[in-house]
Amino acid sequence: MTALVSTRAELQPFLDGFANGRRGVVMTMGALHEGHLELLKQARHDCDLVVATIFVNPLQFGPNEDFDRYPRTLDDDLKLCAEAGVDVAFAPSVDEVYPGGRPIVQVTPGPMGEVLEGAFRPGFFTGVLTVVAKLLNLTRPDAAFFGQKDAQQLALVRRMALDLNLPVEIVGVPTVRDADGLAKSSRNRYLGPEERTVALSLSRALFAGRDAAGQGAEAVRTAAGAVLDAAAAADGLTVDYLALVDPEDFSEAAPAFTGDAVLAVAARVGGTRLIDNLPLTVPAAPHNPGVR
Ligand code: AMP
């Protein structure tokens, strides 16, 4: 049984009950799917108390984004939480999280938050980091679990924990995909059947890029770009960005780059904006013309 609470006061006894145990939190916006489930299972495996937060954070949505139509499925979410062995679902109101209204003091991400997602969604990462800091303070976990699916968010949360000396371990969890490669996302439910097929080009592009990693960074970008270009021409996919970046700071990988990288993509299918990424390694090998 998962307990449902909506205020800090109601959550408190659960936190007090595990004062000496390991407390874990998984932060979500609800509309839970198997990607979230993986985070919850990992938390259940690692922790004595598992708290799932369910909160659609208004601060991270732009004026023309999907805050109003974002799926809200609390009853189903609670079933999934129970299945995953979550102890407490914390589903606060906007007033509970923002008692002073729109916060005057916010957490800004710096340069790493201004590229890729940050460039296309101004203010997005300020909204994300601010709510993550708030939810960490409200739930006081030893460990917080975030998906690699949102790789730039995961990197920024890690950086925030380091830069602000937050007493929490940030745990990254690999992306969960459908059998055909599409990354699980709450926004997939916006897609009609034909749009879902078009959306597959994101993961196909990433896998093509990873397959070319032996030939260097440029080859990765070219291989992935070719898949996206074809989908853009034939199926009306609109690409926001395709980038091969250093996973630490999300700076663009130079042509001679070798080592661990993240290949990230964002694209729109009809009215739905999707993101995906794949970690890969560009080897320092003779086949890699980027390496002298
Ligand atoms: P969201 O509800 O979309 O804000 O996501 C909540 C958490 O679940 C974030 O840490 C996401 O990165 C993670 N997540 C979302 N989709 C997936 C997925 N397909 N695989 C793994 N983690 C995911």
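Every residue, even glycine, has its Cβ placed from backbone N, Cα and C.
Taken from TrEMBL, the feature active site, proton donor covers His36. Sequence-distant contacts of His36 (active site, proton donor), defined as residues of its own chain at least six apart whose C-beta falls under 8 angstroms from its C-beta, comprise Val26, Thr28, Ala52, Leu80.
Annotation comment: TrEMBL describes 29-36, 147-150, Val176, 184-187 as ATP binding site.
The 10 Å shell around the Cβ of Gln60 ((R)-pantoate binding site) contains 21 further Cβ atoms across the protein chains shown. Per TrEMBL, (R)-pantoate binding site is recorded for Gln60, Gln153.
Reduced to three states, the DSSP call for Gln60 ((R)-pantoate binding site) is helix. Under the heading beta-alanine binding site, TrEMBL lists Gln60.
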Neighbour tally for Gly35 (ATP binding site), based on other Cβ positions within 10 Å of its Cβ: 23
Rounded inter-Cα distance in Å - Met29 (ATP binding site), Gln60 ((R)-pantoate binding site): 11
